Every structure is written in C-alpha cells, then in structure tokens.
Amino acid sequence: MGSEDVLKSASTLASYNVLLQVMFRVLTFLLNAFTLRFVSKELIGVVNVRLMLLYSTLVFLSREAFRRACLSGEGAGRNWRQVINLLWLTFPVGCVWGVLLVCVWWWLLQAPDSETIPHYVPAVGLFCLAALTELLAEPLWVLAHAHMFVRLKVIAESLAMIAKCLVTVVLVVSTPQWGLYIFSAAQWVYAGFLLVCYVLYFINFLGSEEAQKKLFPVSHIKDLLPSRVDHEPLLNWKLTTLTWSFFKQSFLKQILTEGERYVMTFLNVLNFGEQGVYDIINNLGSMVARFLFLPIEESFYVFFAQVLERGRDVRHQKQEEVSMAAEVLECLLKLVLLIGLIITVFGYAYSHLALDIYGGELLSSGAGPALLRCYSCYVLLLAINGVTECFVFAAMSKEEVDRYNLVMLGLSVSFLLLSYWLTWVLGGVGFILANCCNMALRITHSIVYIQRYFLQSEYTPLWGLRPHSAVIIALGVSSILTTCSESMFCCDGGWLLRLVHVAVGAVCLLGVVITVFLTETRLVQFVRTQLLPKYSKKHT
C-alpha cells in the first residue's frame with residue numbers, strides 16, 4: 001500500500017472513529033444523566049471508578065503492547081501467521097492479569113458497605129470475565145485495523161454500545177435493587193457483542209471474492225487460530241521483543257492515563273460519593289478529548305508507523321514520505337491546538353451552566369464548576385500530547401522505546417506523588433492540576449524528540465504549534481466577552497438570561513471559526529481533503 005493510500009485510509013479511519021466516538025460519548029452522556037436519577041452517586045463511584053478501573057487495567061495491560069508492535073509495520077513481507085500466533089498471547093496474559101487484579105480488588109482494597117452497595121465481590125469477578133471476553137476478539141481487531149476495515153469497527157462498537165445502554169436502562173428502571181449486577185451484566189453484553197460481530201464478519205469475509213481481490217493474508221477461519229507452519233518459528237522474535245518493550249511502556253502509560261483513579265482507589269483520598277461526582281465531571285470534561293483527539297491519535301499512528309521506517313535517520317528514508325509525514329504532523333498539530341484553545345476559552349465561561357443543565361445542583365454546586373474549568377485547560381494539553389506522542393511512538397527505535405520507559409517511570413512516580421499531595425490540599429482539582437503538570441512534561445519530551453528528528457532536514461512540523469495572530473486575538477476577545485457575560489447573565493436569573501449568555505458565546509464562537517477559515521487556509525484544505533473524505537469526493 002503506497003503512502004498516499006495509507007494516508008487516505010488513515011484519514012478515513014480517523015473520520016469514522018470520530019463519528020463513532022461522538023456516538024459513544026453522547027450515549028454515555030445521556031446514560032449518566034439518566035442513571036443519576038435512579039441510583040446513588042456512591043454506586044456510580046464504585047462502578048465508574050473502582051470496577052471500570054479493573055476492566056480498563058486488565059484490557060490495556062493485556063493488549064496495548066501487542067497492538068502497537070503488530071501495527072508498527074515490519075514491511076510488506078510480514079508473516080501474518082506469526083503475527084496471529086503472537087496476538088493470541090493476549091488471552092493467557094489477560095488471564096494472568098485477571099487473577100492478580102481480582103485478588104487485589106477482593107482482598108487488598110477497602111470494599112464498599114454491603115448494605116448500601118451490595119454484590120461487590122461477584123461484580124468484580126463478572127467485570128473480569130467481561131474483559132477476558134473482549135480480549136478474545138483481539139487477533140480479529142488487529143487484522144481489521146491493519147487492513148483498514150473501518151466500517152467493521154464502527155458497526156461492531158456501535159451495536160455493542162447500544163446493547164450496553166439498553167441493558168442498563170431496562171435493568172435500572174425495572175430492577176434497581178440489583179445494584180452492581182446491572183452494570184456487570186451491561187459490561188458483559190458490550191464485550192460479547194464486540195466478539196460476536198468480529199467473528200461473524202470474518203466468517204463471511206474469509207474466502208469471499210472481496211477477500212481474494214484484496215489479497216487478504218488469511219483464507220480460512222481456522223487460520224485465525226494459533227498454529228505452526230513447517231520450517232518457521234512459532235513467533236517472530238523481533239516482533240516479540242518489540243512487544244516486550246511496548247509492554248513495559250504500556251504499564252507506565254496506564255498509570256499515567258488512569259493515575260487519578262489509582263490514587264482514589266488505593267489511597268482513599270475521596271469517598272465513593274465524591275469519586276462519583278468527580279468521575280461524572282471528568283467524563284463530561286473529557287468528552288471532546290475522547291471522541292475527537294483519541295481517534296485521530298489512533299488512526300494517524302497507523303499512518304506514521306507505515307510511512308516512516310522505525311529507528312532510521314530522516315536522511316536515510318524516502319524523502320517524499322518524510323515530506324508527507326512532516327506536512328501531516330504540522331497540520332494535525334495546528335488542528336488539535338486550535339480545537340484545544342477553543343475548548344479552553346469557552347469551557348471556562350460555560351462550565352457552571354453546563355453542569356447546572358446536566359445534573360442540577362448536585363453537580364453545579366460546590367467544586368463542580370471549578371473542576372470543569374480546570375479540565376477545559378487540561379484538554380488543550382491532552383490535544384497536543386496525543387498527536388506528538390503518536391508521531392514519537394511510530395518513529396522511535398526499540399532502543400529509544402526502552403530509554404523512554406525510564407522517562408515514563410520517572411513521570412509515573414512524580415505524578416502519583418503530586419496527585420496525592422495536591423488532592424489532600426485542593427480536593428478533586430488537585431488531580432487535574434497534577435495531570436496538567438504530567439502532560440506538560442510529556443509534551444516537552446516529545447517536542448524535543450521531533451525537533452531532533454527533523455533537525456537535519458528542511459521540514460519544521462512544529463510550526464503547527466504557532467497559530468495565526470488573528471486567531472489568538474479572536475480567542476482573547478471571546479474570552480473577555482464570555483467571562484463578562486457569565487458574571488452578568490448566568491446562572492440564577494432564569495432561562496431568558498441563560499439564553500442571552502448562550503447567544504453571546506455562539507456569536508463569539510462564530511467569529512473565531514470565521515477567523516480560522518480566513519487565516520488558516522492550509523489547515524482548512526487538509527481537513528477538507530483528508531479528515532472529511534466524503535466532503536472532498538462531493539466537491540471534486
């Protein structure tokens with residue numbers, strides 16, 4: 001697959017992923033708003049922090065390293081038989097992690113009160129089984145992702161999420177006394193739907209005319225199971241060692257990603273009710289980051305990994321591919337930077353109103369608005385870090401990945417210590433401030449790497465971090481106007497004044513968008529032709 005084809009496929013994947021994540025976040029957003037009216041915030045804290053931390057830890061540690069290694073692109077001659085064998089190790093690795101984590105969740109962590117939140121012990125076991133069920137689909141997921149089967153991912157995850165929401169809503173309304181069993185069943189339904197969708201797709205796809213036309217490397221369903229080929233080793237040793245390097249890195253990255261939940265879970269700095277409120281605001285604040293920035297990072301990691309040769313100097317690579325990678329990186333940095341700045345500016349002035357509409361006084365009183373305002377600033381750092389690390393992880397050699405693991409270790413330790421201290425001092429806001437410090441350090445490391453990577457070339461992709469001065473002025477004026485509007489019209493004067501506040505923000509946002517369209521013409525062209533392929537086709 002040529003560089004242009006890889007870029008086109010990665011862009012299409014990013015577009016579909018964005019739409020998919022929009023749906024996920026909207027459904028989760030509505031589901032949380034609904035369940036808030038039927039269950040206690042303590043129950044939400046146990047599910048969304050304690051049990052989902054178990055699930056995400058098990059799944060991430062079991063598969064992330066395999067994904068990054070197997071999607072890194074070892075060239076056209078990659079042996080898919082060995083790749084599939086390697087990917088099946090995710091399940092036994094998951095079983096080992098499952099036993100260890102369940103023991104920790106059962107015996108080392110403080111269990112919630114059994115009268116107010118019953119069924120904790122079986123719920124831990126059920127969430128573990130759901131995670132293992134999702135891991136069974138991993139070889140199929142990597143095959144689909146490597147060959148850009150974007151519609152499969154959209155359909156499978158959409159159906160799984162819809163099924164999970166339906167089960168949750170029905171059980172919460174009909175049998176609220178089941179408590180944690182409701183959310184355990186819903187999570188297992190989600191994992192089961194994912195597995196079934198991928199299995200059914202490949203049963204129908206393998207051996208078909210479409211598969212033969214695409215020269216798909218697997219022809220029969222039995223080839224998806226682990227097996228040995230004569231005169232070939234069972235595993236690719238180079239890919240296996242790369243997986244081990246990524247595994248050490250993924251362990252640290254998980255601590256950094258879910259650090260505040262680990263602190264809440266293991267150090268008990270917040271009670272379950274406070275954890276529930278923090279998690280709801282955290283999900284609300286990170287909605288854009290999750291449905292927009294994460295799909296872009298995942299999709300363009302595939303692009304960079306396949307276009308660039310891992311660990312090779314920029315002078316010894318195909319210059320047209322280096323040029324394309326630099327141009328794409330610059331445009332991506334400019335895109336996420338502008339989106340992050342818009343969220344920061346408008347998030348500050350509209351946090352109180354958003355929480356009041358979403359959860360009423362439960363969320364809009366106390367520390368809720370301050371949490372969401374801080375998170376609006378954190379989103380800007382998340383946006384930049386996602387793209388810079390996306391490129392860095394695709395370009396690093398195995399030795400550089402190993403060295404970066406030491407950096408991640410230092411960041412992990414400092415982040416946990418800072419989170420613990422700031423939370424005791426500032427409450428939930430301390431978690432966000434610690435995340436900001438950690439993210440700023442990671443961005444600094446990535447920027448230094450990118451600067452050195454392109455130092456002996458004519459390309460300067462980091463110029464993407466310098467928006468046009470007119471855009472900065474427009475954002476500054478919008479910040480002043482919306483802040484004044486909030487103090488004058490929001491949020492105790494009734495709905496009419498709230499609508500005035502919203503109208504002020506809408507006018508300011510329109511002004512910023514028009515300024516971007518007039519000044520950032522190169523970025524607009526990139527979005528039209530790469531991130532919006534349907535739009536491009538329609539106008540060619």
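Any Cβ shown, glycine's included, is placed from N, Cα and C.
Taken from TrEMBL, the feature transmembrane segment applies to 12-31 (among others).
With a cut-off of 8 Å between Cβ atoms, the residues of this chain six or more beyond the transmembrane segment (43-62) that come close are 32, 35-36, 90-91, 93-94, 97-98, 101-102, 105, 109, 112, 117, 120, 123-124, 127-128, 130-132, 134-135, 179-180, 183-184, 187, 247, 250-251, 254, 257-258, 261-262, 264-265, 271-277, 279-280, 283. The feature transmembrane segment is assigned by TrEMBL to 43-62 (among others).
Residues or ranges marked as transmembrane segment by TrEMBL: 83-108 (among others).
The transmembrane segment annotation in TrEMBL covers 120-142 (among others). Here the transmembrane segment (120-142) has Cβ contacts under 8 Å with residues 46, 51-52, 54-55, 58-59, 62-63, 66-67, 70-71, 83-84, 87-88, 90-91, 94-95, 98, 101-102, 105-106, 111-112, 114, 153, 180-181, 183-185, 187-188, 190-192, 194-195, 198-199, 201-202, 224 of the same chain, all six or more residues outside its ends.
TrEMBL lists 154-174 (among others) with the feature transmembrane segment.
Within its own chain, the transmembrane segment (180-203) has Cβ neighbours under 8 Å at 43, 46-47, 51, 55, 117-120, 122-123, 126-127, 129-131, 133-134, 136-137, 140-141, 143-144, 149, 152, 155-157, 159-161, 163-165, 167-168, 171-172, 221, 224, counting only residues six or more beyond its boundaries. The transmembrane segment annotation in TrEMBL covers 180-203 (among others).
TrEMBL lists 331-350 (among others) with the feature transmembrane segment.
The annotation transmembrane segment is assigned in TrEMBL to 370-394 (among others). A Cβ distance under 8 Å defines the sequence-distant neighbours of the transmembrane segment (370-394), meaning residues of its chain 6+ beyond its ends; these are 68, 72, 278, 281-282, 284-286, 288-289, 293-294, 296-297, 300-301, 304-305, 308, 310, 325, 329, 332-333, 336-337, 339-341, 343-344, 346-348, 351, 354-355, 401, 404, 428-429, 432-433, 435-436, 439-440, 442-443, 445-447, 449-450, 465.
Residues or ranges marked as transmembrane segment by TrEMBL: 406-423 (among others).
Annotated transmembrane segment per TrEMBL: 429-450 (among others), in sequence order. Below 8 angstroms of C-beta separation, residues 256, 259-260, 263-264, 278, 329, 367, 370-371, 374-375, 377-378, 381-382, 384-385, 388-389, 391-392, 395-396, 404, 407, 411, 414-415, 418-419, 421-423, 461-462, 465 of the same chain, each at least six residues beyond the ends of the transmembrane segment (429-450), sit close to that stretch.
Look at TrEMBL and you will find 470-489 (among others) tagged as transmembrane segment.
What TrEMBL lists as transmembrane segment is 495-518 (among others). If one looks beyond the transmembrane segment (495-518) by at least 6 residues along the same chain, the residues whose Cβ comes under 8 Å of a Cβ in the stretch are 338, 342, 345-346, 349-350, 353, 468, 470-471, 474-475, 477-478, 481-482, 485-486, 488-489, 524.
Outside the transmembrane segment (83-108), and at least 6 residues removed from its termini, the chain residues within Cβ reach (under 8 Å) are 50, 54, 57-59, 61-63, 66, 69-70, 121, 124-125, 128, 131-132, 135-136, 138-139, 142-143, 218, 223-228, 234-236, 239-240, 243. For the transmembrane segment (331-350), the residues of the chain that approach it from at least six positions outside its boundaries are 285, 288, 292-293, 296, 300, 372-373, 375-377, 379-384, 386-388, 461-462, 464-465, 467, 471, 475, 478-479, 482-483, 485-486, 501-502, 505, 508-509, 512, 516, 520, 522-523, 526-527, 530-531, judged by C-beta separation under 8 angstroms.
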